[in-house]
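A quick write-up on the structure given underneath.
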Amino acid sequence: QTQLLGVSLAAASNFLISVSLNIQKCAHLRLACQTEPKPYYMSKLWWCGITLLGLGEVGNFTAYGFAPIALVAPLGCISVIGSAFISVLFLKKTMRAADILGGTLTVTGTYLLVTFAPNVPQELTARRVQNYLVSWPFLVYLILEIIIFCILLYFYKRKAVKHIVVLLMMVALLASLTVIAVKAVASMITLSTKGKMQLTYPVFYIMIVLMAASCAFQAKFLNQAMQLYEATAVVPINFAFFTTSAIISGVIFYREFQSAALLSVFMFLFGCLLSFLGVFVIARNKKEEHLQIPFIDYGHIPGQKLTGKIQPDSHSSRYGTLNNEDDSVESQR
């Protein structure tokens, strides 16, 4: 029942996030269409979307206190599939065949994930988290992760390599630490509310610092990727990398698949694969929405004709410069 509560909470939270993102996008589009656009933070619709986004993230955080990481992390695909279908209502987009196919694959994969996810009914106390932190499997995993991250950071900083895989791999490595810390903090808070106080242990505050620091740097590299590449490329790759790193960290740190049957592990991984494939199909060849930019009709400027030329042809050597009178005189000669 506890695990089912975590699954329900994670599913509802991710759906709420997809609704909030579409509401925010709708607010931006409405503001851009106004004759005198006002700042987005003055829009009640935008604040409604932000509020729903905050509620969704809080729900996701709470879900880690009731269900394993390997079950909560892959359910992020619900926000992707939800956005694809909700955008038809909010943004008046057309439903594509790829959306239906991707949604079917994602729903099937999610069903397999929930059915064959590890069942680990353990109380995650502060002492247990301390023991996990000093266990040799986690220490080896942490050292390898630090080495890989430093190598990627070297190419990013010194060699100026801004490839999408490099950026999102750094995000995924940081995300693995984030989910470990989030689950520990959420579980200790859940136990404390039940009367088993865990907030007096130093490891609780260590995990809060780890969670905040990893989230901050994760947002930095993810924002860099969003600036350099289209969201249709970033979203599916980031989802696949994040989910994979979260599952690996849950297996190593919390030993979530320790007593799972081989068939259950295989079906769980197959469900992950279907979810990844569904997200890629939904995002593939999806056009980006661009806000409408206000412009001045050249024909309404006094003294100008519609045949007047503001900019030269984009393929000419004079692109980006304005024609002056000297140029027009020389052309007449």
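Placement of Cβ uses the backbone N, Cα and C atoms for every residue, glycine included.
Feature annotation from TrEMBL assigns transmembrane segment to 6-24, 45-63, 69-91, 98-118, 138-156, 163-191, 203-222, 234-254, 260-283. Positions annotated as region 'Disordered' by TrEMBL: 312-333. Under the heading compositional bias 'Polar residues', TrEMBL lists 313-323. Per TrEMBL, the feature compositional bias 'Acidic residues' maps to 324-333.
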Spatial neighbours of the transmembrane segment (203-222) far in sequence, C-beta under 8 Å, 6+ residues away: 126, 129-130, 133, 167-168, 170-171, 174-175, 177-178, 180-182, 184-185, 188, 234, 238
Recorded stretch that, among 138-156, 163-191, 260-283, has the most CB pairs under 8 Å to the transmembrane segment (45-63): 163-191
Candidate ranges 69-91, 138-156, 163-191, 234-254, 260-283 - greatest C-beta contact count to the transmembrane segment (98-118) (under 8 angstroms): 260-283
Considering the transmembrane segment (163-191), which listed stretch of 69-91, 138-156, 234-254, 260-283 counts the most C-beta pairs under 8 Å: 234-254
Remote residues contacting the transmembrane segment (234-254) - C-beta distance under 8 A, at least 6 residues beyond either end: 68-70, 73-74, 76-77, 80, 120, 124, 132, 137-138, 141, 164-165, 168-169, 171-173, 175-177, 179-180, 183, 222, 225-226, 272, 275-276, 279-280, 282-283
Surrounding residues of the transmembrane segment (260-283) on its own chain - C-beta under 8 Å, 6+ positions past either end: 70, 74, 77, 80-81, 84, 98-99, 101-113, 115-118, 232-233, 235-236, 239-240, 243-244, 247
